[in-house]
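Q: I have a structure here, written as structure tokens, and I will follow up with some questions on it.
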Amino acid sequence: MANSVFWAIAVALVLGAEAYMPLDYRCGVKPKSRDNCGPPGISPDECVKKGCCFDDSDPDSIWCYTPWKFEDTICNPAEPKARVNCGYPGITSQDCDKKGCCFNDTIPNVVWCYQPIIEAVERDCSAVEPKKRVNCGPPGVSPDECIKNGCCFNSDVGGVPWCFKPEIKKELLQCAVLPKARINCGYPDITMDQCYKKGCCYDSSESDSIWCFYPDIEDVTIIE
């Protein structure tokens, strides 16, 4: 969630309130779901240079962690009432598409230009039991070399590979999260831009709800 990460932003206007979703929220990983991407004490700059995300707002979580890897965007017109607006009144399909959003005007009385679901791939190191680790590097491989090759590194357990293959999960992420189900990703008075830089979703259409929140994992499929 560092400032040097570039973002593609999808902008929407809902009844005069701000409601936005960053299409590239690769660092929007919930604290409890993070996989370590650097050694203890790594600086924000060093973390980002490694292609990782850095966020130290939660003292009990991993600060330098592996980002989401995006595969595709998905438009799902099967749930029209759950659509999250991504345009303005009268927006054309061409302008909607340029924003990285979905357009479907076949159903009346619902949003036509709406935010897509993001298909991402997650490398989950914590899901691999030590006895089930599959070696992913040569003897003596360094933590940096191991991680750079897309593998996991953990030297806490003896007699098992320290550099090993992660569990690969395909997940669907979205910002269409009900207010009561949102997990806070910000702090009081956080701005829209500050929220985006943290890789999170922003929706200020309801004054008494969390405005800056983590994208929701809709579906998980283990592919490797």
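Note: Cβ is positioned from N, Cα and C throughout, glycine not excepted.
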Q: Using the record from Swiss-Prot, pick out the residue from Cys47, Cys75, Cys86 that is joined to Cys64 by a disulfide.
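A: When Swiss-Prot is consulted, Cys64 turns out to be bridged to Cys47.
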Q: With reference to Swiss-Prot, which of the candidate residues Cys146, Cys185, Cys195 participates in the disulphide bond with Cys163?
A: Cys146
Q: Under Swiss-Prot's annotation, the disulfide partner of Cys102 is which of Cys75, Cys125, Cys136, Cys151?
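A: Partner cysteine, according to Swiss-Prot: Cys75.
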Q: Under Swiss-Prot's annotation, the disulfide partner of Cys212 is which of Cys175, Cys195?
A: Cys195
Q: From the candidates Cys96, Cys101, select the one that Swiss-Prot records as forming a disulfide bond with Cys86.
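A: Here Swiss-Prot pairs Cys86 in a disulfide with Cys101.
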Q: Taking the Cα atoms as reference points, how far is Cys151 (disulfide bond) from Cys163 (disulfide bond) in Å?
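A: Rounded to a whole number, the Cα-Cα distance is 6 Å.
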Q: Three-state secondary structure of Cys53 (disulfide bond) from DSSP?
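A: Once the DSSP labels are grouped into three classes, Cys53 (disulfide bond) ends up as strand.
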Q: Would you mind sorting out which of Cys27, Cys37, Cys75, Cys200 (the disulfide-bonded residues) have a C-alpha within 10 A of the one on Cys175 (disulfide bond)?
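A: Checking Cα-Cα distances against Cys175 (disulfide bond), the disulfide-bonded residues within 10 Å turn out to be Cys200.
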